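Presented below is the structure to which this report refers.
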Amino acid sequence: MNQTNLDFLATSDPALAAIIDRELQRQRTHIELIASENFTSAAVMAAQGSVLTNKYAEGLPGKRYYGGCEFVDQAETLAISRVKELFGAAHANVQPHSGAQANFAVFLTLLQPGDTIMGMDLSHGGHLTHGSPVNVSGKWFEVAHYGVEKETGRLDYDKIRQQALEVKPKLLICGYSAYPRQIEFDKFRAIADEVGAYLMADIAHIAGLVASGHHPSPLPYCDVVTTTTHKTLRGPRGGLIMTNNEELGKKFDKSVFPGTQGGPLEHVITAKAVAFGEALKPEFKVYSGQVIANAQAMADQLQKRGFDLVSGGTDNHLMLVDLRSIAMTGKVGDQLLGEINITANKNTVPFDPESPFVTSGLRLGSPAMTTRGMQEDEFRTIANIIADRLLSPEDEGVKADCLRRVSELCAGFPLYDHLRIPVAVIA
């Protein structure tokens, strides 16, 4: 029998092997609704755990500072060509270690300390790296934040335009971590042109939907597009920069290395190449469409059970549930769902009176459980389980019944059946 990496780990470090086994069991037995999480394929994990982890390769393919890079050059070149085809981009850099690193490289290219950036407020669904005061982006640059409308939970592009005319940002940022509606990139382009700003789209959450044609692409409109490679794209954890401007692309390359990073993680880049190849297949388009259908089914059922959703629903993979109508905080809701093996995350809602550590909302997403094969009926069932638990938080009988239903759902949609950690060794 051929030994696997997990066999070696169980022999050499049984304590860590046991931890990994417990995490595997958690993933198998829990309903995963964190919108930024997904389950990668076995092929992605195999690439990331390969011998490419041993290779240093500062620079770009064909222009390395180390010898012996001929094969990692091939892998990285394949990742670049695949992602360019996937998104229709003229230029791509696959080296950023994360979405935040990709954003920092863009800032280094386009901005000087003290320049003004304009992005969505974190409490309205933006991201830390879009100018939050606790992040480097909020410390190095002047920041103007826009948000959604209180009545609709949606962007008002006329108001964003008026704000941009007043503050005249050098960089206008669109793309969010908790906005459940489609983004109109053409309207942002018009605003950026009017004020003379660069336009950046951070599509970390919707990248898979964009790649599969289920969300409009920002590339025809934006000077630069950044993203993570996990979430809806279902690859390894990492970042990516794309542009249709070749001259800017060369500058972004220099801002990644040597500007913000040293050696690239070639094992992760190879895993990205695997994921990009998977996303180019017809099955991925079907998957992405199902992600949206499942999110909408869950959102509709939650509304039927009396829950308020920010903006009244969703166009993508996520939704924000405002728990103020049932006098519950996001922190409590998160804990209650955790007790029945549903993993979600507390999240601020627009105009939230609670602190970010408490919040008034829950963010729920469909990508991970869609990967496990669940469809609309299962997501309506999940919505009912959530409603039953949150509407009867003190009822131990309801809690036990919810836990049973979660267990049955997970058992019907197995995860990583091929993975085996030799428990005899780690016991």
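Quick reminder: no glycine exception, Cβ is built from N, Cα and C everywhere.
Residues annotated as (6S)-5,6,7,8-tetrahydrofolate binding site in Swiss-Prot, with sequence analysis given as evidence: Leu122, Gly126, His127, Leu128, Glu247, Ser355, Pro356, Phe357. The feature N6-(pyridoxal phosphate)lysine is assigned by Swiss-Prot to Lys231. Here Swiss-Prot flags His230 as site 'Plays an important role in substrate specificity', drawing on sequence analysis.
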Span of the (6S)-5,6,7,8-tetrahydrofolate site, taken as the largest CA to CA distance across Leu122, Gly126, His127, Leu128, Glu247, Ser355, Pro356, Phe357 (Å, rounded to a whole number)
43
Sequence gap of 6 or more, Cβ distance under 8 Å: name the residues on the same chain that satisfy this around the residue listed as 'N6-(pyridoxal phosphate)lysine', in order along the sequence.
Ala35, Ser36, Glu37, Asn38, Ala204, His205, Ala207, Gly208, Pro367
Restricting to the same chain and to sequence separations of six or more, state which residues have a Cβ under 8 Å from that of Gly126 ((6S)-5,6,7,8-tetrahydrofolate binding site).
Gly119, Met120, Ser132, His145, Tyr176, Ser177
Specify the count of other C-beta atoms within 10 Å of the C-beta of His127 ((6S)-5,6,7,8-tetrahydrofolate binding site).
23
Between the Cα atoms of Pro356 ((6S)-5,6,7,8-tetrahydrofolate binding site) and His230 (site 'Plays an important role in substrate specificity'), what distance do you get, rounded to the nearest Å?
24
Measuring Cα to Cα, how far is Glu247 ((6S)-5,6,7,8-tetrahydrofolate binding site) from His230 (site 'Plays an important role in substrate specificity') in Å?
27
Binding-site residues (Leu122, Leu128), the one with most neighbouring Cβ atoms at 10 Å:
Leu122
Between the C-alpha atoms of His230 (site 'Plays an important role in substrate specificity') and Phe357 ((6S)-5,6,7,8-tetrahydrofolate binding site), the distance in angstrom, to the nearest integer, is 25
